[in-house]
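Participant: Here you go, one structure.
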Amino acid sequence: MVGTFIFCSIPSIKQRELLCFSDRPVERAGEGTGGPAVPVLGARWAAGVPAPRQRCWWAQAGGGRRGRSRSPGPGRMEVLQLLRLLLTTSMLRLSQAVNPFVAQQTPPDPCYDESGAPRRCIPEFVNAAFGKEVHASSTCGKPPTRHCNASDPRKAHPPAYLTDLNTASNMTCWRSETLHHSPHNVTLTLSLGKKFEVVYVSLQFCSPRPESTAIFKSMDYGKTWVPYQYYSSQCRKIYGKPSKATVTKQNEQEALCTDGLTDLYPLTGGLIAFSTLDGRPSAQDFDSSPVLQDWVTATDIRVVFSRPHQFRELGGREAGEEEGGTGAAPYYYAVGELQVGGRCKCNGHASRCVKDKEQKLVCDCKHNTEGPECDRCKPFHYDRPWQRASAREANECLACNCNLHARRCRFNMELYKLSGRKSGGVCLNCRHNTAGRHCHYCKEGFYRDLSKSITDRKACKACDCHPVGAAGKTCNQTTGQCPCKDGVTGLTCNRCAKGFQQSRSPVAPCIKIPAINPTSLVTSTEAPADCDSYCKPAKGNYKINMKKYCKKDYVVQVNILEMETVANWAKFTINILSVYKCRDERVKRGDNFLWIHLKDLSCKCPKIQISKKYLVMGISENSTDRPGLMADKNSLVIQWRDAWTRRLRKLQRREKKGKCVKP
């Protein structure tokens, strides 16, 4: 069977390469789970599962001594394949030396695919403990003993040896004080300097393993601690935990206790390895499990050795050579290596971690994210809420759509839900005379220049309404037409309309040109009767009060469009502009008819002109022959004034409160 070569980087041995010949192809650790990946060898080893049968040997960097592993060496054909691989590697390095531009080619960004689309990316798997400072509550050498002296480098066993570079032939060990005269509880505290997604924690001992050990983690840089795992032959007695507990989705974020890895033997070289995801039901769907994502996250690791083994069965062996010949057995904790395997926590938005200006480890964030863990969106990228990247979706942060007219925006969850979870950004402080959620229309006093794109800085033009001819400063958003006063025309209301002439009044800048034979007055051909005794025309300074308002059935503002004669009646086509009171539900805004008897009209009771606006207050009379409104000499028909709007609305509100009772 043709084998597969593997180059394995061992976290604890930084200057070596392990060349392995495996009987089966290598599987990428972590594939299919979405969780933090584990090294090829470290994954199975950390979980306590034997690695597949391999034939491996060590190649010491720099041409040092070589030590064979316990497995048998490779065969002749395998050696030839290894030499061929090494030759290919050497030729590649030589070609790069001849052509330096080969090595200078920018590698592709793992956070984006070949087409530039974003995708999930994660930092490389590392031993996060390597080179980090460890604080120990107890360390031998102070005061010095025969075999441990803190002031002598050859006999010192400081905590720095826990995370230094170890080799198989030269294992450096940290050692606690002798436990004969000090507390049995000894604590090792390791700060990772940043949030990591921890896959395993392992300790390799230079002394017998403790009888009881607890591992804790902190997610807030040592402010609070939560248990991670317990090891004890007496779980219930020491830690109050059962030794064999079933892990379910309800308790998979709970520390367990096991009586494994607590044996006295081996006396040296024993191992404690804790896998954070081993046996957790949601590990296969890590992306969809916030519980496990939180479970593997840690900024600090603390190991507490709670209770050592008793060495009475050893007698006096090694007693004299260890601690000055007191006759007591070696009684201390000694650890050669502390490993924390995992990845920089970047939530799928970075492929590496770098040091910032303050020399703190932070994620090199992509996908428009920022923060130590890429845990928030960059400013102006709030069109949808921040999310962790998954294998299916990169969940990159999207910029707000402000049409290049704003530099700031905010997120609105209600708008996001209403849009079908597509867009929730709201632009702030729109510039260039724009307004709206997306700065997509012109603000008051400006209108769209359709010859320019909405993203153009000059997309909105000022209305420039004439200060005298216009009735306001706003204009139509599309056409730019300003609201003109009576008799005024033009886009900006800057000239008098046909049939009008300019006056000196700023209130009515254009007045109608007087006609020689005025025909605008509507009169009747019927000979007038004694009008003085019949009715009196309404005066122009007529005052409207609550009593007069309540006497009428309807109060409307109308525009007289045209008139025709029907028998003894004048039928006016009107446009009802506003309804201030109406006891007939059929009277609504829009076109309608106003009926006035010709006798009333001939006596100018009321006096009406075509194309004028009037306030009409009258009594309703139901007639199938004359649909619409009825007015007579007792009705009030006076030319409209804008000042009446506020007064009529006030009377309308008082009527709704029941203060208007018809006598």
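Every residue, even glycine, has its Cβ placed from backbone N, Cα and C.
In TrEMBL, annotation is done automatically, which means it is predicted and not curated.
Pulled the feature table from TrEMBL, pasting it below:
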type	residues	note
DISULFID	Cys346-Cys363	disulfide bond
DISULFID	Cys365-Cys374	disulfide bond
DISULFID	Cys463-Cys475	disulfide bond
DISULFID	Cys465-Cys482	disulfide bond
DISULFID	Cys484-Cys493	disulfide bond
DISULFID	Cys496-Cys510	disulfide bond
DOMAIN	117-343	domain 'Laminin N-terminal'
DOMAIN	344-399	domain 'Laminin EGF-like'
DOMAIN	463-512	domain 'Laminin EGF-like'
DOMAIN	531-660	domain 'NTR'
Participant: For Cys484 (disulfide bond), which DSSP three-state class applies?
Facilitator: strand
Participant: Taking the Cα of Cys493 (disulfide bond) as the centre, which of the disulfide-bonded residues listed as Cys346, Cys363, Cys374, Cys465, Cys482, Cys510 lie within 10 Å of it?
Facilitator: Cys465, Cys482
Participant: Tell me which of the disulfide-bonded residues Cys374, Cys465, Cys475, Cys484 ends up closest to Cys363 (disulfide bond) in space, Cα to Cα.
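Facilitator: Comparing Cα positions, the closest of these disulfide-bonded residues turns out to be Cys374.
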Participant: In the domain 'NTR' (531-660), how many residues does DSSP call helix, how many strand, and how many coil?
Facilitator: 28 helix, 49 strand, 53 coil
Participant: Cys510 (disulfide bond): which of the disulfide-bonded residues Cys346, Cys374, Cys463, Cys465, Cys484 is the nearest Cα neighbour?
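Facilitator: It is Cys484, whose Cα lies nearest.
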Participant: For Cys465 (disulfide bond), what residues in its own chain, 6 or more apart in sequence, show a Cβ-Cβ distance under 8 Å?
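Facilitator: Looking at Cβ-Cβ distances below 8 Å from Cys465 (disulfide bond), excluding near sequence neighbours, one finds Gly472, Lys473, Thr474, Cys475, Cys482, Pro483, Thr492, Cys493.
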Participant: If you measure from the C-alpha of Cys496 (disulfide bond), which of the disulfide-bonded residues Cys346, Cys365, Cys374, Cys463 fall inside 10 Å?
Facilitator: none
Participant: So if I draw a 10 Å sphere around the Cβ of Cys463 (disulfide bond), how many other Cβ atoms end up inside it?
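Facilitator: There are 23 such Cβ atoms around Cys463 (disulfide bond).
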Participant: For Cys484 (disulfide bond) and Cys463 (disulfide bond), what Cα-Cα distance in Å is obtained after rounding to a whole number?
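Facilitator: Cys463 (disulfide bond) has its Cα 13 Å from the Cα of Cys484 (disulfide bond).
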Participant: Would you mind listing, in sequence order, the residues at least six apart from Cys365 (disulfide bond) in the same chain with a Cβ closer than 8 Å to its Cβ?
Facilitator: Cys346, His349, Ala350, Gly371, Cys374
Participant: Here are some disulfide-bonded residues: Cys346, Cys496. Which one has the most Cβ atoms within 10 Å of its Cβ?
Facilitator: Cys346
